[in-house]
Amino acid sequence: MTMYAKNNTSGKDMLSLLEWNKEELTDIIKLAVAMKTNPAHYSHILSGKILGMIFDKPSTRTRVSFEAGILQLGGQAIVMSSKELQIGRGEPIKDTAHVMSEYIDAIMIRTFSHEKVEELAYHAEIPIINGLTDLHHPCQALADLMTIYEWKDQLEGIKLAYIGDGNNVCHSLLLAGAMVGIDIRLAMPKGYEVDETILAKAENLAKQSGGKIFVTEDSKLAVTDADFIYTDVWTSMGQEDENAKRLADFGEKYQVNAELVSGAKPDYHFLHCLPAHREEEVTTEIIDGIHSVIYQQAGNRLHAQKALLAAILEAK
């Protein structure tokens, strides 16, 4: 067990938030805040550790934050794409997982299929971190919770409205919020709802934590008295062929703009995982306005992931 976490999370995968519990999640958030406050104290805790990073999707925040994070903790990173590995030429994931387990201490993978990450974790003898799949984006959710915690000094009872596509970011945000007792409101058009299985699991988590989940097509209803308003792009990577239809289906009704946010609390904060499509899901006025905390949120990817790495590796 790492000296920096109360729970025995050493060696644990982060495939989705479903493998973790409320106490473990809260410990990571608090450790992330401590690391952000006093980074020098933790600058050598992963000395000698190597993080392998595999990318099948383009990345800015995930790559830079993970690579900088492991370096700031005293470790090293090896960055790869599937095209550079034998897995890109047909080597079974099983073989890749076993071989890489002989060389490095953990793998972070950013890819399309969640099943690929699960298969990698099944065969690997080292921790696997999901840097994003089409179904989950747990590391983003850690940064989201950290940002909320920094502003409110609590998580339970916070009113969070998510407006937009029921995508991977929404799935992980929903699970994270339900786990820690957040009042979550989701607003999205028909055909873009969250995965039913994930919603059911989130509802069970909310019952245990005292959280609430409300799903509606009415974005104005969702943001009523909200502490935080969150949105994401309407067209994610790999969905470019659907862009015209998606723009029409979402439209101004689901755009975070001055009219919509007027229903939130006067001191609300705006969240976005980035990259953003200004004047689509959010107006420039809002994303660049005084309520926006998107750069703090993006910066917290670094600190939340450093805490995650410390929790799953044998920190010194």
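Backbone N, Cα and C atoms are what each Cβ position is placed from, and that goes for glycine too.
As annotated by Swiss-Prot, carbamoyl phosphate binding site applies to Ser59, Thr60, Arg61, Thr62, Gln86, Arg110, His137, Pro138, Cys139, Gln140, Cys273, Leu274, Arg301. Among the features that Swiss-Prot reports, L-ornithine binding site is placed at Asn168, Asp232, Ser236, Met237, with the record citing sequence analysis.
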Exercise. Is His137 (carbamoyl phosphate binding site) helix, strand or coil when read with DSSP?
Worked result: coil
Seminar exercise, completed: Note on L-ornithine: the CB centroid of Asn168, Asp232, Ser236, Met237 has further same-chain residues inside 8 Å, namely Leu132, Asp134, His137, Asp165, Asn167, Val169, Val233, Gln239
For this session: Write down the Cα-Cα distance for Asp232 (L-ornithine binding site) and Arg301 (carbamoyl phosphate binding site), rounded and given in Å.
Result: 16
Seminar exercise, completed: Within 10 angstroms of the C-beta of Ser59 (carbamoyl phosphate binding site), the count of other C-beta atoms across all shown chains comes to 17
For this session: Calculate the distance in Å between the alpha carbons (Cα) of Arg61 (carbamoyl phosphate binding site) and Asp232 (L-ornithine binding site), and round it to a whole number.
Result: 15
Exercise. Taking Cα atoms as reference points, which of the binding-site residues Asn168, Asp232, Ser236, Met237 is nearest to Cys273 (carbamoyl phosphate binding site)?
Worked result: Asp232
Seminar exercise, completed: Taking all protein chains shown into account, the Cβ-based neighbour count within 10 Å for Cys273 (carbamoyl phosphate binding site) is 26
Exercise. Arg61, His137: which of these binding-site residues has the sparsest Cβ neighbourhood within 10 Å?
Worked result: Arg61
